[in-house]
Every structure is written in structure tokens, then in C-alpha cells.
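What TrEMBL records for this protein:
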- His90: active site, proton donor (ACT_SITE)
- Trp24, Ala58, Tyr59, Glu60, Cys82, Leu83, Ile84, Phe115: 5-amino-6-(D-ribitylamino)uracil binding site (BINDING)
- Ala87, Thr88, Arg129: (2S)-2-hydroxy-3-oxobutyl phosphate binding site (BINDING)
Amino acid sequence: MGKEAKFDTLDGSNVKVGIVAARWNDKYTYSLVEGCRESLVECNVKAENITGIFVPGAYEVPLGAKHLLDTTDVDVVVAVGCLIKGATMHFEYICEAVSQGIMRLNLDYGKPVIFGILTCLNEEQAQERSIGEHNHGIGWGKTAVEMVLLQQKKIGM
Ligand code: DLZ
């Protein structure tokens, strides 16, 4: 038993993945993208089947994901950003808008859009979750492949 999801071996050799990442807090988002890419490679996703774009901040991530869904043949998008709480209400508004936007894309498109957005209270939390062995991007990459295989009915309980 554990808190985090465990993953079986996943065959992503026929899976096409889009990654959209925010440049705000790039020290963390670039590392999250790296972790995601590494886990995709581990799942046999081909390098030519990974399309990546950057957008300015987390608020732009849902529209960036929509752009990938509209203009490419990706099966899944991993939406990456890192929000860190500041002194004003900006954090709360952006967190709410981004999470609603990403869920809307999932249901509107019927394709998985993975919630790769860290919502941190401080830099320390962002660092812990993005750099080193607890890089959450690793799990997001595996989640992306699993959700596509589920849709393709290649896995089940
Ligand atoms: C404005 C803003 C603030 C205060 N904080 C963050 C953050 O922690 N992480 C992030 O990705 N983006 C932040 N932004 C920028 C917004 O996401 C957005 O890019 C701008 O408001 C322009 O729409």
C-alpha cells in the first residue's frame, strides 16, 4: 500500500504525446519536463512522437494544450506548470482557472490532458516536487501513457 500511484510496465511505442509547459518558474518546469520525457522514453515512446511547446505562464497552459489537440495528432497532452503562492490573490485565481481549464479539455476532447501543475505554498515545496528523485514529471509521463492505453483498450483490470 502506498500514497502514490504505482505503474505496471507500459508499452507506449504507438503513443503520441504533446507536452505544453510554462516558462514561469522555469527552474522547476524545465526539470518537470525532463522527468516527464525520461519516463516517456522508459515506456518506449518514440522521440519523434513527442511534441513540446512552451507558453509564458501557467494561465496560458490550457490554451497551449488546446492548440496541441487542435493542430497535431497527439493522443494525450501533459500540461506542465509551477504556481508558487505570493503575497496577493493571483495564485488562487490562476490555480482555479488552470485546473478548471485542464479538466474541461479532458471532457470536451475525450482525450487525456494530464494535470502537471504544481500548486506550491513556497519555493521549497516546488523544489522537492520537481528536482531529484521526487520529480513529479516522471509520474505524469507514465500517467499519460497509461491513459492512452486505457482508451485504446490495451489495458484494463
Ligand atoms: C502572474 C503570475 C504569477 C503571480 N505567478 C505565477 C506562477 O507562480 N506560475 C506561473 O506559471 N505563472 C505565474 N504568473 C503568470 C500567469 O500564469 C500568466 O502568464 C500571466 O498572468 C499572463 O496571462
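Every residue gets a Cβ built from N, Cα and C, even glycine.
No curator has checked TrEMBL annotations; they are predicted automatically.
Features per TrEMBL, on structure.
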residue : record                                           : contacts (Cβ under 8 Å, 6+ apart)
Trp24   : 5-amino-6-(D-ribitylamino)uracil binding site    : Pro56, Gly57, Ala58, Gly81, Cys82
Tyr59   : 5-amino-6-(D-ribitylamino)uracil binding site    : Ile94, Ala97, Val98
Glu60   : 5-amino-6-(D-ribitylamino)uracil binding site    : Ala22
Leu83   : 5-amino-6-(D-ribitylamino)uracil binding site    : Asn25, Ala58, Phe91, Ile94, Cys95, Val98, Ile117, Leu118, Thr119, Cys120
Thr88   : (2S)-2-hydroxy-3-oxobutyl phosphate binding site : none
His90   : active site, proton donor                        : none
Phe115  : 5-amino-6-(D-ribitylamino)uracil binding site    : Ala79, Ser99, Ile102, Met103
Arg129  : (2S)-2-hydroxy-3-oxobutyl phosphate binding site : Tyr28, Leu118, Cys120, Asn135, His136
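Neighbour density at the Cβ, taken as the number of other Cβ atoms within 10 Å, is lowest among the binding-site residues Ala58, Cys82, Ala87 for Ala87. Among the binding-site residues Tyr59, Ala87, Arg129, the residues whose Cβ lies under 6 Å from any atom of ligand 1 are, in sequence order, Tyr59. Counting every protein chain shown, 18 other Cβ atoms lie within 10 Å of the Cβ of Ile84 (5-amino-6-(D-ribitylamino)uracil binding site). Secondary structure at Trp24 (5-amino-6-(D-ribitylamino)uracil binding site), taken from DSSP and collapsed to helix, strand or coil, is coil.
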